[in-house]
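Following: one structure in C-alpha coordinates, then a few remarks.
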Amino acid sequence: MKTQIHTISAPNDGSYDNEALSCSTIDISTHNGEPHGGLRGSNEFILSDSGKKVASDDQTGQLHLWLQRKAKSAFSEKMIKKRLPILRWLPQYNSTDAIGDLVAGITVGLTVIPQALAYAGIAGVPAAYGLYGSFLGCIVYIVFGSCKDVPMGPTAIASLLTFQTAGGNVGKAILLCFLSGVVELMMGILGLGFLVDFVSGPVSSGFTSAVSLIIVTSQVKDVLGISAKGTTFIEIWRNIFNDIHNVQVWDTFLGLTCIAVLLIMRIIAGLKVGPADDELKSKNHRIINKVMWLVGTSRNAILVVVCGAIGYTFQSSAAAPFKLIGDIPPGLPSFMAPPFSLTANETMSGHEESFMDMVSSLGSGLMVVPLIALMENIAICKAFSNGKPVDATQELIAIGLANIANSFVQGFPGTGSLSRSAVNNASGVRTPMGNIYTMGLVVLSLLFFTPYFSYIPKASLAAVIIAAVVFMVEVKVVKPMWRTKKSDLIPGLGTFIACLALPLEMGILFGVGLNVVFILYHAARPKISVERLTSPGGAEYLIITPDRCLIFPSVDYVRNLVTKQSIRQSLPVVIDCSHVYGADFTAATVIDSITQD
(Lines of atoms letter the chains of each structure in order from A and count residues from 1; the text may use other names and numbers.)
(Lines give C-alpha, C1' and ligand atoms only; values in the text may rest on other atoms or scores of the structure.)
Protein backbone atom coordinates (compact mmCIF):
# COMPACT_ATOMS: atom_id res chain seq x y z
CA MET A 1 0.00 0.00 0.00
CA LYS A 2 1.39 3.34 -1.00
CA THR A 3 0.77 6.55 0.87
CA GLN A 4 0.59 9.79 -1.05
CA ILE A 5 1.41 13.07 0.64
CA HIS A 6 -0.11 16.21 -0.89
CA THR A 7 1.27 19.63 -0.20
CA ILE A 8 -1.00 22.65 -0.29
CA SER A 9 0.45 25.97 -1.31
CA ALA A 10 -1.21 28.97 0.26
CA PRO A 11 -2.06 31.91 -2.02
CA ASN A 12 -0.50 35.26 -1.27
CA ASP A 13 -3.82 36.75 -0.15
CA GLY A 14 -3.82 34.69 3.07
CA SER A 15 -6.66 32.39 1.96
CA TYR A 16 -6.61 28.67 1.30
CA ASP A 17 -8.48 26.09 -0.77
CA ASN A 18 -10.84 23.91 1.22
CA GLU A 19 -9.68 20.51 -0.11
CA ALA A 20 -12.24 18.68 2.03
CA LEU A 21 -14.91 19.80 -0.40
CA SER A 22 -13.44 17.54 -3.04
CA CYS A 23 -14.66 14.55 -1.02
CA SER A 24 -18.17 15.99 -0.62
CA THR A 25 -21.20 14.44 -2.28
CA ILE A 26 -22.52 17.93 -2.97
CA ASP A 27 -22.09 18.96 -6.58
CA ILE A 28 -20.35 22.30 -6.56
CA SER A 29 -19.65 23.65 -10.01
CA THR A 30 -16.55 25.62 -10.80
CA HIS A 31 -16.70 29.36 -10.87
CA ASN A 32 -14.39 31.20 -13.28
CA GLY A 33 -12.20 28.13 -13.38
CA GLU A 34 -11.64 28.10 -9.59
CA PRO A 35 -12.12 24.82 -7.71
CA HIS A 36 -15.05 24.25 -5.35
CA GLY A 37 -17.09 27.03 -6.86
CA GLY A 38 -14.60 29.62 -5.72
CA LEU A 39 -15.27 28.85 -2.06
CA ARG A 40 -12.18 29.69 -0.03
CA GLY A 41 -11.33 29.80 3.68
CA SER A 42 -9.57 32.69 5.36
CA ASN A 43 -7.17 33.02 8.29
CA GLU A 44 -7.31 36.78 8.28
CA PHE A 45 -10.30 37.16 10.61
CA ILE A 46 -11.60 35.77 13.92
CA LEU A 47 -15.35 35.66 14.46
CA SER A 48 -16.32 37.22 17.81
CA ASP A 49 -19.30 36.20 19.95
CA SER A 50 -21.23 39.19 18.64
CA GLY A 51 -20.68 38.08 15.05
CA LYS A 52 -18.19 40.83 14.23
CA LYS A 53 -14.94 40.04 12.43
CA VAL A 54 -11.67 40.84 14.15
CA ALA A 55 -8.47 40.72 12.11
CA SER A 56 -6.09 37.98 13.28
CA ASP A 57 -3.22 40.46 13.47
CA ASP A 58 -5.25 42.92 15.54
CA GLN A 59 -3.65 42.31 18.95
CA THR A 60 -5.85 44.89 20.72
CA GLY A 61 -9.00 43.31 19.33
CA GLN A 62 -7.89 39.82 20.35
CA LEU A 63 -7.05 41.02 23.86
CA HIS A 64 -10.47 42.64 24.08
CA LEU A 65 -12.14 39.39 23.03
CA TRP A 66 -10.08 37.39 25.55
CA LEU A 67 -11.06 39.78 28.35
CA GLN A 68 -14.70 39.52 27.31
CA ARG A 69 -14.60 35.72 27.47
CA LYS A 70 -12.85 35.76 30.85
CA ALA A 71 -15.31 38.27 32.29
CA LYS A 72 -18.26 36.26 31.00
CA SER A 73 -16.82 33.10 32.54
CA ALA A 74 -15.90 34.78 35.84
CA PHE A 75 -19.40 36.10 36.44
CA SER A 76 -21.29 33.01 35.35
CA GLU A 77 -23.46 31.28 37.94
CA LYS A 78 -21.28 28.17 37.84
CA MET A 79 -18.07 30.10 38.51
CA ILE A 80 -19.63 32.21 41.29
CA LYS A 81 -20.78 29.06 43.10
CA LYS A 82 -17.33 27.55 42.56
CA ARG A 83 -15.56 30.55 44.09
CA LEU A 84 -18.17 31.02 46.85
CA PRO A 85 -18.77 27.43 47.99
CA ILE A 86 -21.13 28.61 50.74
CA LEU A 87 -23.75 29.27 48.04
CA ARG A 88 -23.78 25.54 47.23
CA TRP A 89 -24.44 24.12 50.70
CA LEU A 90 -26.14 26.93 52.66
CA PRO A 91 -29.53 26.73 50.83
CA GLN A 92 -29.79 23.04 51.81
CA TYR A 93 -28.60 23.61 55.41
CA ASN A 94 -30.93 21.92 57.93
CA SER A 95 -31.22 21.11 61.63
CA THR A 96 -29.31 17.82 61.26
CA ASP A 97 -26.37 19.71 59.74
CA ALA A 98 -26.57 22.31 62.52
CA ILE A 99 -26.40 19.68 65.29
CA GLY A 100 -23.47 17.88 63.66
CA ASP A 101 -21.58 21.14 63.16
CA LEU A 102 -22.30 22.27 66.75
CA VAL A 103 -20.88 19.09 68.31
CA ALA A 104 -17.85 19.05 66.00
CA GLY A 105 -17.17 22.78 66.39
CA ILE A 106 -17.17 22.65 70.18
CA THR A 107 -14.99 19.52 70.21
CA VAL A 108 -12.46 21.14 67.87
CA GLY A 109 -12.61 24.34 69.94
CA LEU A 110 -11.55 22.41 73.04
CA THR A 111 -8.59 21.14 71.00
CA VAL A 112 -7.58 24.37 69.29
CA ILE A 113 -7.31 26.53 72.45
CA PRO A 114 -4.48 24.58 74.16
CA GLN A 115 -2.83 23.97 70.78
CA ALA A 116 -2.95 27.66 69.87
CA LEU A 117 -1.30 28.59 73.17
CA ALA A 118 1.37 25.94 72.58
CA TYR A 119 2.00 26.76 68.90
CA ALA A 120 2.60 30.40 69.78
CA GLY A 121 5.61 29.15 71.74
CA ILE A 122 6.90 27.34 68.63
CA ALA A 123 6.48 30.56 66.61
CA GLY A 124 8.45 32.44 69.28
CA VAL A 125 5.65 34.92 70.08
CA PRO A 126 3.57 35.46 73.27
CA ALA A 127 0.88 32.84 73.89
CA ALA A 128 -2.02 35.24 73.21
CA TYR A 129 -1.05 35.56 69.54
CA GLY A 130 -1.87 31.90 69.00
CA LEU A 131 -5.46 32.62 70.01
CA TYR A 132 -5.52 35.81 67.91
CA GLY A 133 -4.89 33.72 64.79
CA SER A 134 -7.60 31.17 65.61
CA PHE A 135 -10.94 32.93 65.18
CA LEU A 136 -11.33 35.47 62.33
CA GLY A 137 -9.90 33.16 59.67
CA CYS A 138 -12.58 30.61 60.62
CA ILE A 139 -15.32 32.99 59.43
CA VAL A 140 -13.52 33.60 56.14
CA TYR A 141 -13.08 29.87 55.54
CA ILE A 142 -16.81 29.27 56.06
CA VAL A 143 -17.51 31.47 53.03
CA PHE A 144 -14.63 30.49 50.75
CA GLY A 145 -13.50 27.05 51.95
CA SER A 146 -14.35 23.97 49.90
CA CYS A 147 -13.64 21.27 52.51
CA LYS A 148 -15.98 20.75 55.46
CA ASP A 149 -13.29 19.12 57.62
CA VAL A 150 -10.72 21.95 57.60
CA PRO A 151 -10.53 24.05 60.82
CA MET A 152 -8.48 27.16 60.02
CA GLY A 153 -5.82 28.15 62.55
CA PRO A 154 -2.18 27.80 63.67
CA THR A 155 -0.38 24.54 62.93
CA ALA A 156 2.90 23.07 64.15
CA ILE A 157 4.66 23.28 60.77
CA ALA A 158 3.44 26.81 59.99
CA SER A 159 4.48 27.94 63.48
CA LEU A 160 7.99 26.54 63.09
CA LEU A 161 8.35 28.17 59.66
CA THR A 162 7.14 31.44 61.19
CA PHE A 163 9.83 31.24 63.85
CA GLN A 164 12.56 30.45 61.31
CA THR A 165 11.40 33.29 59.04
CA ALA A 166 10.44 36.03 61.52
CA GLY A 167 12.91 35.07 64.26
CA GLY A 168 10.39 35.55 67.07
CA ASN A 169 9.67 39.20 66.18
CA VAL A 170 5.92 39.79 66.66
CA GLY A 171 5.67 42.56 64.05
CA LYS A 172 7.42 40.48 61.39
CA ALA A 173 5.28 37.42 62.23
CA ILE A 174 2.10 39.47 61.70
CA LEU A 175 3.44 40.97 58.45
CA LEU A 176 4.42 37.46 57.31
CA CYS A 177 0.81 36.40 57.90
CA PHE A 178 -0.43 39.25 55.71
CA LEU A 179 2.10 38.78 52.92
CA SER A 180 1.65 34.99 52.94
CA GLY A 181 -2.08 35.55 52.53
CA VAL A 182 -1.47 37.94 49.63
CA VAL A 183 0.87 35.45 47.92
CA GLU A 184 -1.64 32.61 48.42
CA LEU A 185 -4.49 34.75 47.09
CA MET A 186 -2.51 35.78 44.00
CA MET A 187 -1.49 32.17 43.39
CA GLY A 188 -5.16 31.21 43.58
CA ILE A 189 -6.25 33.96 41.19
CA LEU A 190 -3.50 32.96 38.73
CA GLY A 191 -4.38 29.26 39.07
CA LEU A 192 -0.99 28.21 40.45
CA GLY A 193 -2.30 25.48 42.71
CA PHE A 194 -0.59 22.92 40.45
CA LEU A 195 2.79 23.95 41.95
CA VAL A 196 2.14 21.64 44.88
CA ASP A 197 2.30 18.73 42.40
CA PHE A 198 6.05 19.31 42.06
CA VAL A 199 6.50 18.16 45.67
CA SER A 200 6.32 14.38 45.49
CA GLY A 201 5.03 12.06 48.19
CA PRO A 202 8.49 10.93 49.39
CA VAL A 203 9.72 14.54 49.61
CA SER A 204 6.58 15.56 51.50
CA SER A 205 6.97 12.63 53.92
CA GLY A 206 10.64 13.41 54.51
CA PHE A 207 9.85 17.07 55.13
CA THR A 208 6.97 16.35 57.52
CA SER A 209 9.00 13.82 59.49
CA ALA A 210 11.96 16.18 59.83
CA VAL A 211 9.72 19.05 60.92
CA SER A 212 8.12 16.81 63.53
CA LEU A 213 11.50 15.96 65.07
CA ILE A 214 12.55 19.64 65.01
CA ILE A 215 9.34 20.65 66.79
CA VAL A 216 9.76 17.91 69.40
CA THR A 217 13.37 19.04 69.88
CA SER A 218 12.30 22.68 70.28
CA GLN A 219 9.98 21.67 73.15
CA VAL A 220 12.49 19.53 75.03
CA LYS A 221 13.93 22.68 76.63
CA ASP A 222 10.54 23.54 78.21
CA VAL A 223 10.12 20.00 79.51
CA LEU A 224 13.58 20.21 81.09
CA GLY A 225 13.05 23.80 82.26
CA ILE A 226 16.20 25.13 80.55
CA SER A 227 16.99 27.79 77.94
CA ALA A 228 18.18 26.46 74.59
CA LYS A 229 17.58 28.51 71.45
CA GLY A 230 18.20 27.58 67.84
CA THR A 231 16.54 27.15 64.47
CA THR A 232 17.93 23.84 63.18
CA PHE A 233 17.81 20.38 64.73
CA ILE A 234 21.57 20.20 65.34
CA GLU A 235 21.80 23.73 66.74
CA ILE A 236 18.97 23.17 69.24
CA TRP A 237 20.45 19.91 70.55
CA ARG A 238 23.89 21.49 70.87
CA ASN A 239 22.42 24.27 73.03
CA ILE A 240 20.42 21.74 75.08
CA PHE A 241 23.57 19.80 75.97
CA ASN A 242 25.40 23.04 76.78
CA ASP A 243 22.70 23.99 79.31
CA ILE A 244 21.84 20.50 80.56
CA HIS A 245 23.32 21.22 84.00
CA ASN A 246 20.45 23.70 84.68
CA VAL A 247 17.67 21.10 84.40
CA GLN A 248 14.67 21.87 86.65
CA VAL A 249 13.46 18.71 88.40
CA TRP A 250 9.82 19.75 88.85
CA ASP A 251 9.42 20.95 85.25
CA THR A 252 10.92 17.70 83.99
CA PHE A 253 8.69 15.59 86.24
CA LEU A 254 5.56 17.50 85.21
CA GLY A 255 6.45 17.42 81.51
CA LEU A 256 7.16 13.68 81.40
CA THR A 257 4.03 12.93 83.45
CA CYS A 258 1.88 15.03 81.09
CA ILE A 259 3.30 13.25 78.02
CA ALA A 260 2.53 9.86 79.56
CA VAL A 261 -1.02 10.93 80.52
CA LEU A 262 -1.71 12.31 77.04
CA LEU A 263 -0.52 9.11 75.36
CA ILE A 264 -2.68 7.00 77.67
CA MET A 265 -5.72 9.22 77.00
CA ARG A 266 -5.03 8.92 73.27
CA ILE A 267 -5.27 5.14 73.62
CA ILE A 268 -8.51 5.49 75.63
CA ALA A 269 -10.09 7.46 72.75
CA GLY A 270 -9.70 4.44 70.48
CA LEU A 271 -10.96 1.80 72.92
CA LYS A 272 -14.40 0.23 72.53
CA VAL A 273 -16.45 -1.75 75.03
CA GLY A 274 -19.14 -4.27 74.19
CA PRO A 275 -19.60 -6.46 71.09
CA ALA A 276 -17.57 -5.70 67.98
CA ASP A 277 -20.76 -5.24 65.91
CA ASP A 278 -22.22 -1.79 66.61
CA GLU A 279 -25.77 -3.05 66.14
CA LEU A 280 -25.31 -5.49 69.04
CA LYS A 281 -24.08 -2.82 71.48
CA SER A 282 -26.46 -1.79 74.24
CA LYS A 283 -27.33 1.80 75.10
CA ASN A 284 -24.89 1.72 78.05
CA HIS A 285 -22.13 0.48 75.78
CA ARG A 286 -22.72 3.37 73.36
CA ILE A 287 -22.75 5.93 76.19
CA ILE A 288 -19.51 4.59 77.69
CA ASN A 289 -17.81 4.52 74.28
CA LYS A 290 -18.91 8.09 73.56
CA VAL A 291 -17.67 9.32 76.93
CA MET A 292 -14.32 7.57 76.46
CA TRP A 293 -14.00 9.10 72.99
CA LEU A 294 -14.84 12.61 74.25
CA VAL A 295 -12.39 12.30 77.15
CA GLY A 296 -9.65 11.06 74.83
CA THR A 297 -10.37 13.71 72.19
CA SER A 298 -10.48 16.55 74.71
CA ARG A 299 -7.32 15.33 76.44
CA ASN A 300 -5.37 18.50 75.66
CA ALA A 301 -8.00 20.77 77.15
CA ILE A 302 -8.44 18.55 80.23
CA LEU A 303 -4.70 18.40 80.84
CA VAL A 304 -4.24 22.16 80.43
CA VAL A 305 -7.10 22.90 82.84
CA VAL A 306 -5.73 20.50 85.47
CA CYS A 307 -2.16 21.79 85.11
CA GLY A 308 -3.46 25.37 85.19
CA ALA A 309 -5.18 24.62 88.49
CA ILE A 310 -1.93 23.13 89.84
CA GLY A 311 -0.01 26.20 88.68
CA TYR A 312 -2.58 28.51 90.30
CA THR A 313 -2.32 26.61 93.60
CA PHE A 314 1.46 26.94 93.72
CA GLN A 315 1.39 30.53 92.49
CA SER A 316 -1.02 31.58 95.22
CA SER A 317 1.37 30.14 97.80
CA ALA A 318 4.24 32.13 96.27
CA ALA A 319 6.29 28.96 95.79
CA ALA A 320 5.64 27.90 92.19
CA PRO A 321 8.23 25.29 91.24
CA PHE A 322 7.22 25.44 87.56
CA LYS A 323 7.87 27.96 84.83
CA LEU A 324 4.52 29.49 83.85
CA ILE A 325 3.57 31.05 80.48
CA GLY A 326 2.93 34.42 82.15
CA ASP A 327 0.33 37.12 81.74
CA ILE A 328 -1.99 37.09 78.70
CA PRO A 329 -3.77 40.37 77.87
CA PRO A 330 -7.53 39.95 78.39
CA GLY A 331 -10.05 40.78 75.67
CA LEU A 332 -10.07 40.62 71.91
CA PRO A 333 -7.17 42.08 69.91
CA SER A 334 -7.55 45.46 68.24
CA PHE A 335 -8.59 45.38 64.60
CA MET A 336 -5.84 47.23 62.74
CA ALA A 337 -3.53 46.90 59.75
CA PRO A 338 -0.41 44.76 60.13
CA PRO A 339 2.80 46.70 60.87
CA PHE A 340 4.54 47.89 57.70
CA SER A 341 7.51 49.30 59.62
CA LEU A 342 9.17 48.77 63.00
CA THR A 343 10.50 51.28 65.48
CA ALA A 344 13.91 50.91 67.12
CA ASN A 345 12.27 49.43 70.25
CA GLU A 346 10.56 46.71 68.20
CA THR A 347 13.69 45.31 66.54
CA MET A 348 16.48 43.11 67.82
CA SER A 349 19.13 45.37 66.30
CA GLY A 350 17.82 48.57 67.90
CA HIS A 351 17.42 50.26 64.51
CA GLU A 352 14.25 51.26 62.71
CA GLU A 353 13.17 49.02 59.84
CA SER A 354 11.14 50.13 56.84
CA PHE A 355 8.71 47.94 54.93
CA MET A 356 11.39 46.95 52.44
CA ASP A 357 13.79 46.09 55.28
CA MET A 358 11.16 43.83 56.84
CA VAL A 359 10.38 42.13 53.53
CA SER A 360 14.09 41.61 52.89
CA SER A 361 14.57 40.03 56.32
CA LEU A 362 11.66 37.61 55.70
CA GLY A 363 13.47 36.38 52.57
CA SER A 364 12.46 33.05 51.04
CA GLY A 365 9.88 32.49 53.78
CA LEU A 366 7.49 34.63 51.72
CA MET A 367 7.26 31.75 49.22
CA VAL A 368 8.01 28.74 51.43
CA VAL A 369 5.31 29.49 54.04
CA PRO A 370 2.46 29.77 51.47
CA LEU A 371 3.57 26.64 49.61
CA ILE A 372 3.87 24.54 52.77
CA ALA A 373 0.51 25.88 53.99
CA LEU A 374 -1.03 24.77 50.68
CA MET A 375 0.61 21.34 51.00
CA GLU A 376 -0.88 20.89 54.48
CA ASN A 377 -4.32 22.02 53.38
CA ILE A 378 -4.42 19.89 50.23
CA ALA A 379 -3.27 16.85 52.21
CA ILE A 380 -6.23 17.31 54.56
CA CYS A 381 -8.72 17.83 51.72
CA LYS A 382 -7.51 14.69 49.94
CA ALA A 383 -7.59 12.66 53.15
CA PHE A 384 -11.28 13.42 53.77
CA SER A 385 -12.57 13.94 50.21
CA ASN A 386 -13.59 10.28 49.75
CA GLY A 387 -12.08 10.24 46.28
CA LYS A 388 -13.66 13.50 45.10
CA PRO A 389 -11.42 15.99 43.24
CA VAL A 390 -9.84 18.75 45.31
CA ASP A 391 -9.84 22.33 44.00
CA ALA A 392 -6.36 23.54 44.95
CA THR A 393 -7.07 26.98 43.44
CA GLN A 394 -10.10 27.51 45.67
CA GLU A 395 -8.19 26.36 48.75
CA LEU A 396 -5.44 28.87 47.94
CA ILE A 397 -8.01 31.65 47.75
CA ALA A 398 -9.63 30.52 51.02
CA ILE A 399 -6.47 30.23 53.14
CA GLY A 400 -5.06 33.37 51.51
CA LEU A 401 -8.07 35.49 52.50
CA ALA A 402 -8.12 33.84 55.95
CA ASN A 403 -4.47 34.75 56.59
CA ILE A 404 -5.04 38.31 55.37
CA ALA A 405 -7.97 38.61 57.79
CA ASN A 406 -5.94 37.09 60.65
CA SER A 407 -3.15 39.62 60.11
CA PHE A 408 -5.60 42.43 60.94
CA VAL A 409 -6.14 40.88 64.40
CA GLN A 410 -2.42 40.25 65.05
CA GLY A 411 -2.39 36.59 64.05
CA PHE A 412 0.59 34.72 62.61
CA PRO A 413 0.36 32.39 59.54
CA GLY A 414 -1.92 29.39 59.76
CA THR A 415 -3.70 26.81 57.64
CA GLY A 416 -5.73 23.65 58.11
CA SER A 417 -4.53 21.30 60.86
CA LEU A 418 -4.49 17.55 60.15
CA SER A 419 -4.96 16.57 63.80
CA ARG A 420 -7.89 18.96 64.32
CA SER A 421 -9.37 17.91 60.96
CA ALA A 422 -9.35 14.29 62.13
CA VAL A 423 -11.20 15.35 65.29
CA ASN A 424 -13.61 17.42 63.18
CA ASN A 425 -14.36 14.50 60.88
CA ALA A 426 -14.73 12.00 63.72
CA SER A 427 -17.09 14.38 65.53
CA GLY A 428 -19.54 14.27 62.60
CA VAL A 429 -19.03 17.70 61.03
CA ARG A 430 -21.44 18.28 58.13
CA THR A 431 -20.38 21.63 56.62
CA PRO A 432 -17.71 24.34 57.11
CA MET A 433 -20.18 26.02 59.50
CA GLY A 434 -18.53 24.03 62.30
CA ASN A 435 -15.81 26.68 62.22
CA ILE A 436 -18.20 29.27 63.69
CA TYR A 437 -18.57 27.32 66.94
CA THR A 438 -14.81 26.84 67.18
CA MET A 439 -14.44 30.58 66.69
CA GLY A 440 -17.04 31.21 69.40
CA LEU A 441 -15.09 29.18 71.98
CA VAL A 442 -11.85 31.00 71.13
CA VAL A 443 -13.57 34.39 71.46
CA LEU A 444 -15.11 33.39 74.82
CA SER A 445 -11.72 32.24 76.10
CA LEU A 446 -10.16 35.59 75.10
CA LEU A 447 -12.93 37.57 76.76
CA PHE A 448 -13.26 35.66 80.02
CA PHE A 449 -10.51 33.10 80.63
CA THR A 450 -7.21 34.74 79.67
CA PRO A 451 -6.39 35.73 83.29
CA TYR A 452 -6.39 32.01 84.19
CA PHE A 453 -4.23 31.00 81.22
CA SER A 454 -1.24 32.73 82.78
CA TYR A 455 -1.02 29.95 85.40
CA ILE A 456 -0.48 27.18 82.83
CA PRO A 457 3.01 25.64 83.21
CA LYS A 458 5.20 25.77 80.10
CA ALA A 459 6.06 22.09 80.57
CA SER A 460 2.41 21.07 80.12
CA LEU A 461 2.11 23.01 76.83
CA ALA A 462 5.36 21.43 75.65
CA ALA A 463 3.88 18.03 76.49
CA VAL A 464 0.77 18.84 74.43
CA ILE A 465 2.95 19.61 71.39
CA ILE A 466 5.24 16.59 71.79
CA ALA A 467 2.36 14.14 72.25
CA ALA A 468 0.63 15.50 69.13
CA VAL A 469 3.61 15.98 66.83
CA VAL A 470 5.52 12.77 67.52
CA PHE A 471 2.92 10.84 65.50
CA MET A 472 3.61 13.02 62.45
CA VAL A 473 6.90 11.17 61.89
CA GLU A 474 5.92 9.07 58.87
CA VAL A 475 7.83 5.86 59.56
CA LYS A 476 5.01 3.76 58.11
CA VAL A 477 5.66 4.98 54.54
CA VAL A 478 9.17 3.49 54.40
CA LYS A 479 8.01 -0.11 53.92
CA PRO A 480 5.58 0.66 51.03
CA MET A 481 8.29 2.74 49.30
CA TRP A 482 10.78 -0.11 49.66
CA ARG A 483 8.31 -2.64 48.22
CA THR A 484 7.11 -0.48 45.31
CA LYS A 485 10.08 1.60 44.18
CA LYS A 486 13.25 1.63 46.26
CA SER A 487 14.65 4.69 44.49
CA ASP A 488 11.85 6.81 46.07
CA LEU A 489 13.66 6.41 49.38
CA ILE A 490 16.54 8.54 48.09
CA PRO A 491 14.63 11.86 47.75
CA GLY A 492 12.64 11.02 50.90
CA LEU A 493 15.70 10.35 53.08
CA GLY A 494 17.62 13.17 51.37
CA THR A 495 14.88 15.66 52.24
CA PHE A 496 14.67 14.32 55.80
CA ILE A 497 18.41 14.71 56.44
CA ALA A 498 18.64 18.08 54.65
CA CYS A 499 15.75 19.53 56.69
CA LEU A 500 17.41 18.42 59.94
CA ALA A 501 20.81 19.84 59.03
CA LEU A 502 19.78 22.96 57.08
CA PRO A 503 17.03 25.59 57.32
CA LEU A 504 13.69 24.13 56.29
CA GLU A 505 13.38 26.08 53.04
CA MET A 506 16.79 24.79 51.94
CA GLY A 507 15.78 21.26 52.89
CA ILE A 508 12.58 21.26 50.84
CA LEU A 509 14.41 22.78 47.86
CA PHE A 510 17.05 20.07 48.17
CA GLY A 511 14.33 17.41 48.08
CA VAL A 512 12.61 18.94 45.06
CA GLY A 513 16.02 19.20 43.36
CA LEU A 514 16.64 15.49 43.95
CA ASN A 515 13.27 14.72 42.36
CA VAL A 516 14.14 16.83 39.33
CA VAL A 517 17.48 15.00 38.98
CA PHE A 518 15.65 11.64 38.97
CA ILE A 519 13.16 12.89 36.37
CA LEU A 520 15.97 14.18 34.14
CA TYR A 521 17.88 10.91 34.52
CA HIS A 522 14.87 8.89 33.36
CA ALA A 523 14.42 11.30 30.45
CA ALA A 524 18.09 10.86 29.53
CA ARG A 525 17.98 7.06 29.76
CA PRO A 526 14.85 5.80 28.00
CA LYS A 527 14.11 2.09 28.11
CA ILE A 528 14.94 0.55 24.75
CA SER A 529 13.91 -2.89 23.50
CA VAL A 530 16.06 -4.64 20.87
CA GLU A 531 14.57 -7.47 18.80
CA ARG A 532 16.01 -9.54 15.94
CA LEU A 533 13.40 -10.09 13.25
CA THR A 534 13.17 -11.45 9.73
CA SER A 535 11.41 -9.63 6.94
CA PRO A 536 8.94 -11.42 4.59
CA GLY A 537 11.74 -11.46 2.02
CA GLY A 538 14.01 -13.38 4.39
CA ALA A 539 16.34 -10.50 5.36
CA GLU A 540 17.30 -10.28 9.03
CA TYR A 541 17.25 -6.93 10.77
CA LEU A 542 17.21 -5.37 14.24
CA ILE A 543 14.24 -3.35 15.42
CA ILE A 544 14.99 -0.90 18.23
CA THR A 545 12.04 0.65 20.08
CA PRO A 546 12.53 3.54 22.56
CA ASP A 547 9.66 3.90 25.03
CA ARG A 548 9.50 7.70 25.14
CA CYS A 549 10.30 10.92 23.29
CA LEU A 550 13.81 11.76 22.14
CA ILE A 551 15.17 14.95 23.65
CA PHE A 552 18.69 16.30 23.93
CA PRO A 553 19.77 14.46 27.15
CA SER A 554 18.88 11.05 25.68
CA VAL A 555 19.90 11.22 22.02
CA ASP A 556 23.59 10.38 22.44
CA TYR A 557 22.64 7.40 24.61
CA VAL A 558 20.25 6.14 21.90
CA ARG A 559 22.79 6.81 19.11
CA ASN A 560 25.53 4.86 20.89
CA LEU A 561 23.20 1.94 21.55
CA VAL A 562 22.01 1.82 17.92
CA THR A 563 25.58 1.94 16.61
CA LYS A 564 26.79 -0.70 19.08
CA GLN A 565 23.98 -3.15 18.27
CA SER A 566 24.38 -2.64 14.53
CA ILE A 567 28.14 -3.22 14.58
CA ARG A 568 27.95 -6.15 16.98
CA GLN A 569 25.42 -8.09 14.92
CA SER A 570 26.25 -6.68 11.45
CA LEU A 571 22.60 -6.16 10.65
CA PRO A 572 20.57 -3.23 9.37
CA VAL A 573 18.68 -1.37 12.07
CA VAL A 574 15.06 -0.19 12.06
CA ILE A 575 14.08 2.35 14.72
CA ASP A 576 10.42 2.04 15.72
CA CYS A 577 9.31 5.55 16.70
CA SER A 578 5.70 4.70 17.51
CA HIS A 579 6.28 5.68 21.16
CA VAL A 580 8.20 8.85 20.31
CA TYR A 581 5.68 11.65 20.77
CA GLY A 582 8.17 14.50 20.48
CA ALA A 583 11.69 15.34 19.40
CA ASP A 584 13.79 18.51 19.58
CA PHE A 585 16.43 19.98 17.26
CA THR A 586 19.26 18.06 18.90
CA ALA A 587 17.34 14.80 18.44
CA ALA A 588 16.73 15.58 14.77
CA THR A 589 20.44 16.29 14.25
CA VAL A 590 21.46 13.02 15.91
CA ILE A 591 18.91 11.00 13.94
CA ASP A 592 20.47 12.48 10.81
CA SER A 593 23.89 11.37 12.11
CA ILE A 594 22.56 7.87 12.79
CA THR A 595 21.31 7.67 9.21
CA GLN A 596 24.76 8.61 7.96
CA ASP A 597 26.38 6.07 10.32
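Note: Cβ is positioned from N, Cα and C throughout, glycine not excepted.
Listed features, source TrEMBL:
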- 100-490: domain 'SLC26A/SulP transporter' (DOMAIN)
- 98-120: transmembrane segment (TRANSMEM)
- 126-144: transmembrane segment (TRANSMEM)
- 173-196: transmembrane segment (TRANSMEM)
- 253-271: transmembrane segment (TRANSMEM)
- 291-314: transmembrane segment (TRANSMEM)
- 358-379: transmembrane segment (TRANSMEM)
- 436-453: transmembrane segment (TRANSMEM)
- 459-478: transmembrane segment (TRANSMEM)
- 490-521: transmembrane segment (TRANSMEM)
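Note on the transmembrane segment (358-379): residues 147, 150, 155, 157-158, 161-162, 164-167, 171-172, 175-176, 179-180, 183-184, 187, 193, 195-196, 199, 204, 207, 339-342, 390, 392, 395-396, 399-400, 403, 413-418, 504-505, 508 of its chain, located 6 or more positions outside it, place their CB under 8 angstroms from a CB of the stretch.
Between the transmembrane segment (436-453) and the stretches 173-196, 291-314, 490-521, it is 291-314 that has the most C-beta pairs under 8 angstroms.
With a cut-off of 8 Å between Cβ atoms, the residues of this chain six or more beyond the transmembrane segment (253-271) that come close are 222-224, 289, 292-293, 295-297, 299-300, 302-303, 307, 310, 322, 457, 459-460, 462-464, 466-467. Residues 114-115, 117-119, 121-122, 127, 156, 201-202, 205, 208-209, 211-213, 215-216, 219-220, 222-223, 225, 251-252, 254-256, 258-259, 262-263, 266, 300, 303-304, 307-308, 322-323, 325, 418-419, 489, 492 of the same chain lie 6+ residues outside the transmembrane segment (459-478) yet bring a C-beta within less than 8 angstroms of a C-beta in it. The average pLDDT computed for the domain 'SLC26A/SulP transporter' (100-490) is 86.
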